[in-house]
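Engineer: Annotation comment: TrEMBL describes K56 as ATP binding site. According to TrEMBL, the domain 'Protein kinase' annotation covers 29-130.
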Amino acid sequence: MNTDLTINDELFTPRNQQFTFSELKSITNNFKTIIGRGWFGTVYHGYNGNDPVAVKMLTESSSQGYKEFQAEVKLLMDVRHKNITSLVGYCNDNNQKGIIYEYMANGSLEMHLFGNLRTTTTKLPFATYK
C-alpha cells in the first residue's frame, strides 16, 4: 500500500490509504463479486486482509462521475459517524479510480429506504387522448 501522494489534487491526503489498481484487483479477487451499481460505477465485494470491504470503481468514460468521485472521497474523509460507512482508502492509478469502504453487510441506505422499487420497472397505464 502506498501512502505517498502521486497526484497534485489537494483532495487526496496522506492520512488515507492510497491503493494501486493491482491491489484492488487482488482485494476484489479480480472484481469477481458485484454487489451494486451506482451512477458513476460498479461496487465490488472484497477483503483488505481479513477485513471485508466494498470497492466502488469509477467508469472510465464518466467525467461527471469523476467530480462525484472527488466529492464523495472528500466528504468521507471528513465525516465520522457510526451509521455512515467509513472510508478505507482510494485508488487514483492512472485512469483507474476507486473508493474503498468498510463493508456494511446489511445493505445500502437506498435499499432500506426504497427496497427493490429502484430496480424494478413499472409500466404506467396511459390513457389515449383524441
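Yeah, the Cβs are placed from backbone N, Cα and C, and that goes for glycine too.
Map the listed features onto the structure and describe their local environment.
Structural biologist: K56 (ATP binding site) counts 22 other C-beta atoms within 10 Å of its own C-beta, drawing on all protein chains shown. In the three-state DSSP scheme, K56 (ATP binding site) falls into the strand class.
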